[in-house]
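A.B. asks: Below, the features straight out of TrEMBL:
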type	residues	note
BINDING	43, 84	chlorophyll b binding site
BINDING	79, 82, 187, 188, 191, 193, 205	chlorophyll a binding site
């Protein structure tokens with residue numbers, strides 16, 4: 001997402017302006033791109049995304065044991081791309097469900113409503129065609145920037161490709177300091193990982209009770225508050241106990257709608 005000032009390939013940054021840790025990471029990356037002497041595990045340790053609570057590479061299934069450096073680069077490109085898409089999806093789910101009743105943009109007629117998992121089917125003709133075209137253009141550009149020719153190196157990234165760097169930084173947010181850039185890339189990866197888990201949770205929850213995410217949250221809080229009030233009423237010996245509204249139970253999936 002952010003363009004990098006690091007010159008790819010075998011170019012070496014000024015050592016006097018870099019920490020030993022940065023120089024070590026860069027040296028391993030250059031070595032991995034030009035030779036086959038670096039193991040996949042050692043190469044993975046130089047990449048952004050290694051952070052607490054896992055001070056070392058998190059690989060419980062041992063996928064790196066028999067992997068190659070080109071495969072690790074391809075996996076990281078896939079992780080980064082899916083993370084970026086998931087961050088957009090998480091934002092789209094939350095914002096889309098809040099604006100469904102507002103005559104904004106394509107939903108001017110209010111036909112798109114309900115949980116996000118059902119809104120896909122509600123979108124009419126005239127939206128998907130330009131969307132597919134835009135996605136196709138973006139993906140074509142991404143492939144041209146980062147992927148090697150299938151004729152010479154099938155399903156592999158270019159050796160001089162800085163993973164995830166599509167030279168897109170319209171706001172000029174990308175830092176020039178290598179350590180700051182490494183930290184920013186780690187933050188992007190961690191947010192993308194969280195977004196992938198979040199989107200999976202959103203979709204699973206909406207499949208369970210067919211209720212919007214925030215609506216489900218507020219109904220859950222409403223039920224908890226009422227149950228707390230019931231406990232207080234029982235302790236003071238109240239003659240009537242506050243009942244949980246039927247609509248709350250229905251939207252939480254605790255009774256049939």
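Backbone N, Cα and C atoms are what each Cβ position is placed from, and that goes for glycine too.
Curation does not apply to TrEMBL; its annotations are automatic.
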A.B. asks: Measuring Cα to Cα, how many Å separate residue 193 (chlorophyll a binding site) from residue 43 (chlorophyll b binding site)?
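C.D. replies: Distance (Cα to Cα, whole Å): 20 Å.
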A.B. asks: If you count other CB atoms within 10 A of each CB, which of 84, 187, 193 wins among these binding-site residues?
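C.D. replies: Answer returned by the neighbour count: 84.
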A.B. asks: Determine, to the nearest whole angstrom, how far the Cα atom of residue 187 (chlorophyll a binding site) is from the Cα atom of residue 43 (chlorophyll b binding site).
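C.D. replies: Roughly 19 Å, rounded to the nearest whole number.
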A.B. asks: Which whole-number value in Å describes the distance between the Cα atoms of residue 82 (chlorophyll a binding site) and residue 43 (chlorophyll b binding site)?
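C.D. replies: Here the two Cα atoms are 21 Å apart.
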A.B. asks: Within 10 angstroms of the C-beta of residue 191 (chlorophyll a binding site), what count of other C-beta atoms is obtained when all protein chains are considered?
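C.D. replies: Result for residue 191 (chlorophyll a binding site): 16 other Cβ atoms within 10 Å.
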A.B. asks: Rounded to a whole number, how many Å is the Cα of residue 191 (chlorophyll a binding site) away from the Cα of residue 84 (chlorophyll b binding site)?
C.D. replies: 9
A.B. asks: Please report the number of other Cβ atoms within 10 Å of the Cβ of residue 43 (chlorophyll b binding site).
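C.D. replies: Its Cβ has 24 other Cβ atoms within 10 Å.
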